Amino acid sequence: MSRGDKMLKFEIKARDGAGRIGKLEVNGKKIETPAIMPVVNPKQMVVEPKELEKMGFEIIITNSYIIYKDEELRRKALELGIHRMLDYNGIIEVDSGSFQLMKYGSIEVSNREIIEFQHRIGVDIGTFLDIPTPPDAPREQAVKELEITLSRAREAEEIKEIPMNATIQGSTYTDLRRYAARRLSSMNFEIHPIGGVVPLLESYRFRDVVDIVISSKMALRPDRPVHLFGAGHPIVFALAVAMGVDLFDSASYALYAKDDRYMTPEGTKRLDELDYFPCSCPVCSKYTPQELREMPKEERTRLLALHNLWVIKEEIKRVKQAIKEGELWRLVDERARSHPKLYSAYKRLLEHYTFLEEFEPITKKSALFKISNESLRWPVVRRAKERAKSINERFGELVEHPIFGRVSRYLSLTYPFAQSEAEDDFKIEKPTKEDAIKYVMAIAEYQFGEGASRAFDDAKVELSKTGMPRQVKVNGKRLATVRADDGLLTLGIEGAKRLHRVLPYPRMRVVVNKEAEPFARKGKDVFAKFVIFADPGIRPYDEVLVVNENDELLATGQALLSGREMIVFQYGRAVKVRKGVE
């Protein structure tokens with residue numbers, strides 16, 4: 001598996017669920033994901049690209065086929081370039097005409113012609129001419145059209161000179177989506193849109209969208225951004241981001257405005273139904289619904305489009321903040337109540353535990369709130385219950401927890417058991433100085449797996465002024481610290497050495513190449529491109545052991561990626577090193 005193309009760089013900066021805040025760089029232009037691309041129709045602009053740029057939209061999408069087919073637009077684009085023609089300095093992505101192909105059945109351009117045209121007009125991100133098979137198409141049709149898409153992908157790979165989308169197709173057949181994702185992952189592309197879902201979104205078949213996205217994500221390499229083609233309503237953003245979607249596009253902001261429809265994060269309302277605007281954007285702060293209704297159609301459409309854009313932008317920000325706070329699942333739960341079909345999709349997503357758990361952070365900034373029955377099925381809850389089973393058997397002394405059931409009291413100080421809220425209180429008893437070591441040993445087994453407690457069995461535990469376990473030492477040397485915020489262990493270098501001795505390879509290891517070795521020894525962060533191998537069991541924010549190819553300990557630190565991600569990612573940090581051996 002190649003490590004991707006240097007024309008586009010993508011790295012993860014923060015995460016929750018399978019969602020991630022990323023930094024995407026194309027041609028020296030940087031944006032933060034999740035991001036939304038307003039769709040710009042070059043023949044009919046409701047909002048000018050320059051105004052979109054002023055509003056803070058750093059990426060837009062337009063249709064290269066529409067430009068290609070229109071003689072005047074084609075001449076302008078070839079003469080001026082796409083950025084000057086649209087008067088827009090941000091990242092410009094283009095579609096290839098696939099949507100027109102799905103809508104009208106045929107288009108008058110070949111795959112090679114549209115790719116070469118995209119090169120010539122200077123787009124930042126291109127798209128080859130895939131075939132978007134509609135939902136519920138006969139399997140024979142889906143297979144045949146997918147093979148044509150893959151053939152065109154091979155042609156695009158040979159001639160592409162710019163970062164390019166490789167769209168995952170396959171209708172509603174999840175095995176075909178996985179097959180397409182595996183094949184395209186092995187090729188030299190930069191972004192993977194998931195296509196053919198607009199009819200599903202329009203008919204509120206969100207459950208099918210979940211199955212399609214998860215099937216695709218399971219087979220895609222995790223270092224490439226994923227774009228959910230045609231998903232532009234804020235009602236789906238939280239759910240889609242929780243699945244690992246990074247990019248969205250919206251034509252609906254303008255289409256809805258033309259139909260006098262007003263977007264909210266919970267759905268869409270007709271303008272004539274509104275007495276008040278439940279929003280404080282510049283449009284809604286200035287006008288009343290009555291004033292908008294009395295305006296000429298063109299002016300009203302433009303103002304509604306601006307409102308819709310502000311709502312879209314606000315919801316993307318809300319999703320990002322939820323990721324930062326470790327509250328993404330809570331937002332998904334809240335948004336799922338907006339529509340029964342969305343609620344069904346949310347419940348379906350929670351069935352994909354194996355996929356979700358790999359990316360679920362091991363610890364979070366916010367406490368876990370039981371806000372619904374579904375919150376008991378969140379990945380963080382299921383994982384904690386599974387891990388606690390062996391601790392319960394070995395350490396015993398079970399107490400009743402309102403979320404997790406019967407749990408060993410020696411886990412009662414640790415995330416998420418202590419940092420959680422339900423209808424009933426969970427009483428945390430402070431340990432005595434004598435049994436504090438049992439807490440540390442139980443935490444070690446929970447955090448690092450079977451056998452990890454042996455690294456601490458002769459240690460002494462110092463209590464804080466509040467009576468909580470804090471420093472773990474042997475002969476005055478610090479092995480670890482029990483963190484005050486989440487009750488998990490941060491390793492000192494002496495503790496890392498002991499853990500390295502008792503845990504079999506490759507448990508909790510991140511293996512780096514010779515180039516990175518001297519930097520890791522000195523306590524410098526480990527970047528993903530230097531990682532040769534990592535324990536597949538490593539989860540984001542785990543405490544890990546950094547080693548060389550001979551399994552010699554170099555450093556200890558906090559994983560920022562899952563083990564599988566570390567091996568594949570080309571950009572960004574893999575481990576925030578806390579201490580090197582030197």
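A Cβ is built for glycine as well, from the same backbone N, Cα and C atoms used for every other residue.
Residues annotated as active site, nucleophile in Swiss-Prot, with experimental evidence given as evidence: ASP95. Annotation for ASP95 (active site, nucleophile): spatial neighbours ILE61, THR62, ASN63, SER64, TYR65, THR127, criterion Cβ-Cβ under 8 Å with sequence separation of six or more.
Neighbours of GLY196 (substrate binding site), defined as other CB atoms within 10 A of its CB across all chains, total 29. Secondary structure at GLY196 (substrate binding site), taken from DSSP and collapsed to helix, strand or coil, is coil. Summarising the annotation, Swiss-Prot assigns substrate binding site to ASP130, GLY196.
A coil conformation is recorded for CYS281 (Zn(2+) binding site) in the three-state DSSP classification, outside any helix or strand. Per Swiss-Prot, Zn(2+) binding site is recorded for CYS279, CYS281, CYS284.
For 507-582, the entry in Swiss-Prot reads domain 'PUA'.
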Cβ neighbour count (within 10 Å, all chains shown) around CYS279 (Zn(2+) binding site) = 17
Request  = Give the sequence-ordered list of residues that share a chain with CYS281 (Zn(2+) binding site), lie 6 or more positions from it, and have CB atoms under 8 Å from its CB.
outcome  = LEU306, HIS307, TRP310, VAL311, GLU314
